[in-house]
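Record features (Swiss-Prot):
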type	residues	note
REGION	4-184	region 'Large ATPase domain (RuvB-L)'
BINDING	ILE23, ARG24, GLY65, LYS68, THR69, THR70, GLU131, ASP132, PHE133, ARG174, TYR184, ARG221	ATP binding site
BINDING	THR69	Mg(2+) binding site
REGION	185-255	region 'Small ATPAse domain (RuvB-S)'
REGION	258-352	region 'Head domain (RuvB-H)'
BINDING	ARG294, ARG313, ARG318	DNA binding site
Amino acid sequence: MIEADRLITATGQDREEQQDRAIRPLRLAEYIGQPVVREQMELFIQAARGRREALDHTLIFGPPGLGKTTLANIIAQEMGVSLKSTSGPVLERPGDLAALLTNLESGDVLFVDEIHRLSPVVEEVLYPAMEDFQLDIMIGEGPAARSIKLDLPPFTLVGATTRAGMLTNPLRDRFGIVQRLEFYSVADLTTIVGRSAAILGLPTDAEGAFEIARRARGTPRIANRLLRRVRDFAQVRGEGRITRQIADLALNLLDVDEHGLDHQDRRLLLTLIEKFDGGPVGVDSLAAAISEERHTIEDVLEPYLIQQGYMMRTPRGRVVTRHAYLHFGLNLPARMEATMADPLADAPADGE
């Protein structure tokens, strides 16, 4: 899949897990960015500790790579309890969930990543566990089947998802705390890169950290991945120190430009400009033109480009914006100049 091969994908990669664990903050005091979330969670955690109660069930949602797993770990550390981790797709049967719940100690945190992918039958078992700290278990089969209730110790369920809209209403309503993580500012990412470099023992100038941060698409996971690749460049072709010049040379070699766009992003935009006169064009035609699957365009390439204003969806299809032409140093076509006089002509919508 194209996303797994991209340096700037926000999706986690298995080989990075051990490296990320080494630089992951463990306390709210070390947590950089997300000031509103940090302040609220500090308040909720202090209140729960003061009452000697388990923290309310917490839902964390937002784009991938922004620190949902990190925040779950911090919650457990701040509460002084153990963390048990799993993910929605892993919990295939009610018994899988029951095995986890019955092994929790009082106050423990159960972290469920990709919670929107829970199966309906598992979700039904989770409702009474979250609300009443009880587990309903069916024993036997057929006419002899009977239900028994098991009491569970108070625990905190922390659910993480990139697609909060896919959660069912009954599940969403059972979370007492709901937090949305936003993309990070370049200033916060610069601080994160500097902190990670210090932990990894990498001499890094402030300008070098800034150069990495501004190409990281607002995402700490991408920033840390770029840092590791720039480290390799500095080790082989530099003197081991990450300066602005070294970071710029390394990231240009890796084909990540100053706005965080890579070859796939630029190919999509240039195809729209050169082959379809800037659009509008249907997503299937666009997919055929760049030899990619439709879902790859919709789920992998488009979101960041739309968010940054390089392209948009209209009732007639995909079109590039003035911002895309300026990014490539191209003159605006006469048609686009005329369209800009009527801003409603290409009003954003979910066109095909």
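Keep in mind that glycine also has a Cβ here, set from the backbone N, Cα and C atoms.
Where Swiss-Prot records a feature, it is marked here on the structure.
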residue : record           : DSSP class
ILE23   : ATP binding site : helix
GLY65   : ATP binding site : coil
GLU131  : ATP binding site : helix
TYR184  : ATP binding site : coil
ARG294  : DNA binding site : helix
ARG313  : DNA binding site : strand
ARG318  : DNA binding site : strand
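Around the Cβ of PHE133 (ATP binding site), the same chain contributes ASP151, LEU152, PRO153, PRO154, PHE155, each under 8 angstroms and 6 or more positions distant in sequence. Look at the binding-site residues ARG294, ARG313, ARG318 and count other Cβ atoms within 10 Å of each Cβ; ARG294 has the fewest. As a whole number, the greatest separation of Cα atoms within the ATP-binding residue list ILE23, ARG24, GLY65, LYS68, THR69, THR70, GLU131, ASP132, PHE133, ARG174, TYR184, ARG221 is 37 Å. For ARG294 (DNA binding site), the nearest neighbour among the binding-site residues ILE23, GLY65, THR69, GLU131, TYR184, judged by Cα separation, is GLY65.
When DSSP labels each residue, the region 'Head domain (RuvB-H)' (258-352) comes out as 49 helix, 9 strand, 37 coil, counted as helix, strand and coil in that order. Taking Cβ-Cβ distances under 8 Å and a sequence separation of 6 or more, the neighbours of TYR184 (ATP binding site) in its chain are GLY33, GLN34, LEU66, ILE192, GLY218, THR219, PRO220. In terms of C-alpha distance, the listed binding-site residues GLY65, THR69, GLU131 place GLY65 closest to ARG313 (DNA binding site). The Cβ of ILE23 (ATP binding site) has ARG195, SER196, ILE199, LEU200, ASN224 as same-chain neighbours under 8 Å, each 6 or more residues away in sequence.
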